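What Swiss-Prot says about this one:
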- CYS143, CYS146, CYS156, CYS159: Zn(2+) binding site (BINDING)
- LYS344: ATP binding site (BINDING)
- 586-692: domain 'tRNA-binding' (DOMAIN)
- 12-22: motif ''HIGH' region' (MOTIF)
- 341-345: motif ''KMSKS' region' (MOTIF)
Amino acid sequence: MSRTLFVTTALPYANGSFHIGHIMEYIQADIWVRSMRMAGHTVHFVGADDAHGAPIMLKAEKEGITPQALVARYAAERPRYLDGFHIRFDHWHSTDTPENVALSQEIYRALKSEGLIETRSIEQFYDPVKGMFLADRYIKGECPRCHAKDQYGDSCEVCGAVYAPTELINPYSALTGAAPVLKSSDHFFFKLSDPRCVEFLQQWTTGANRQGVKHLQAEVQAKTREWLGGDDGEAKLGDWDISRDAPYFGIEIPDAPGKYFYVWLDAPVGYLASLKSYCAAKGLDFDALLDPAGPTEQVHFIGKDIIYFHALFWPAMLKFAGRKTPDQLNVHGFITVSGEKMSKSRGTGISPLRYLEIGMDAEWLRYYMAAKLNARVEDMDFNPEDFVARVNSDLVGKYVNIASRAAAFITRHFDGELAYDGDTDALAAEFAQQAESIRAAFEAREYNRAVREIMAHADRINQAFDAAQPWVMAKGIGAADAATRARLQDICSRALAGFKALSVMLAPVLPALASRVARELFGANADFAWGDAQQLPQRVAPFKHLMQRVDPKLLDDLFEPPAAEASAPAALPGGEALADTITIDDFAKIDLRIARIVNCEEVEGSTKLLRLTLDVGEGRHRNVFSGIKSAYQPQDLVGKLTVLVANLAPRKMKFGVSEGMVLAASHADEKAEPGIYVLEPWPGAQPGMRVR
């Protein structure tokens, strides 16, 4: 029976180009979609750019463009990747669209009416210079456990400790270097801990769709059981902060000025927005298609790093907003190279665009990924030697080789006409059975099993062909009797029928090649469907070259670091070149003295300056203005020693006279990490000592 499916992949964040992980996920989903369509099912396969959030806003600001312009730039390059790897979405959209605004706000209002939205006052770090609340990734400081410097606000990359941002020692804003302050703000929470949500998720995470397929893979189900409380019955779900404060690039929360939906609320809603846009363009009824009681199956392909959002928040949001919940969540692992995490610095990064630009066949990669992917949450390893061996041995040596040998005999001696001696019904039934097994493997996402079975069939076809030795019969074909000619024609016809069946089985993986085989070799006027495997061909056109072998040297080019990266000049120290050389006499003219900071206070009317009162051992105090307000709180500097340019001519400023200059280190770009550092001598130095 024909089914209707709504299929999505995770939305790529629109502040960068596609990486190889995106391409792997899209290929995995594309293979599944193509196989389902070949079975006669209706599939709506949509994607979109995840176009909101602080990272996009800040990157656009840094480049001096609007967030919309940044998103549009990356959206414009998507087709080059998708078309290049034969990934065929029905529609590509964006979360920064009227459809997504309307749907996100509708879902929010529905959840609010269900009593599942709660307002709470929370304290967060706030950057007083940037004028915005800081997410954990924008806060850095000293790890409270191992004391490693410059660690993020939620975890330490050195010791692995997890902590709250408020536990960091000497925290600073990664955006400006300023010391953040704690500030209260009202936020909106989705009450995932509500007993209704917990009960629903306990049922949904262990449930199955209409086809009897579990919503979640076993590994994912086990993980959600941990989050839901496991077998002890104790609910462990926390509520979800779904709001962010202005300035923020996103969707405004209804009736809450200055508040925006957190990007992870409106991003998955983008699946629905893309489908709604597609339905409008195609004249389809969006609401009927996603009727919770309707037959449409909702299927998501995602990576293992975003399970929490998709297996808990997303289905609960949809359920209590009165919408259709997902039927299947297909989770995959990451890509490694030769068993290790990809690394540009080690020359093991794979750029999808570079892959295409150096002339590598997209279907080599599609085949290799299919040969490695399965339905479990496992990482897929790309091994260069294995890649070359599989493509050259399987696709060229086994699969294409059948057609190149058999078609030559048929076109040369039988004018392209195929004829079979014996029971063709049995042969057709054999191909039908094989194709059904492969189709089922693809539907179950056991792609590696499907590929193994296909190549086993190819081996048997080649073995039968070699055992019959048609080249021996062909040598004397001019003088051969009718039986010998019929035998030669039958051997080659059966091989080509097998090749056609293999092409049908490989069509989800190698769509471009299979289409060529169908149209150019066998004269079809449409791409293959699963039922074509059992339709024995009657004619074959002269063989044309179908696939090139992989040149191992291409792999060297693929992993070669980009020329710009290899030849880039060494980074300038501190972001600027060293100053011109001076003599010791020039340096001696500068009188550097140790000074104690007796007092420090903010300067009213200035966003950059602090007023320092310094003891330089002169029997009087000096007044010095310093542009270090973004990095220090006044009280933190009192009592500290520092270094003063003592013989600098006094400078009359708007706020008073500055009698010298305190030395501080910073990057040439004052907004760059890690900010400004006032020089502080070792303990034991005394005010008035000269620095020589």
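First residue shown is number 1, and so on along the chain.
Placed from the backbone N, Cα and C atoms, the Cβ positions cover glycine too.
Surrounding the centroid of the Cβ atoms of CYS143, CYS146, CYS156, CYS159, where the record places Zn(2+), the chain contributes additional residues within 8 Å, namely PRO144, ARG145, HIS147, ALA148, GLN151, GLU157, VAL158, GLY160, ALA161. As a summary of secondary structure, the domain 'tRNA-binding' (586-692) carries 7 helix, 42 strand, 58 coil according to DSSP.
When DSSP labels each residue, the motif ''HIGH' region' (12-22) comes out as 3 helix, 1 strand, 7 coil, counted as helix, strand and coil in that order. Cβ neighbour count for CYS143 (Zn(2+) binding site): 22 (other Cβ atoms within 10 Å of its Cβ, all protein chains included). Looking only at the binding-site residues CYS146, CYS156, the densest Cβ neighbourhood within 10 Å occurs at CYS156. For CYS159 (Zn(2+) binding site), the same-chain residues 6+ apart in sequence whose C-beta sits under 8 angstroms from its C-beta are CYS143, ARG145, CYS146, ALA148.
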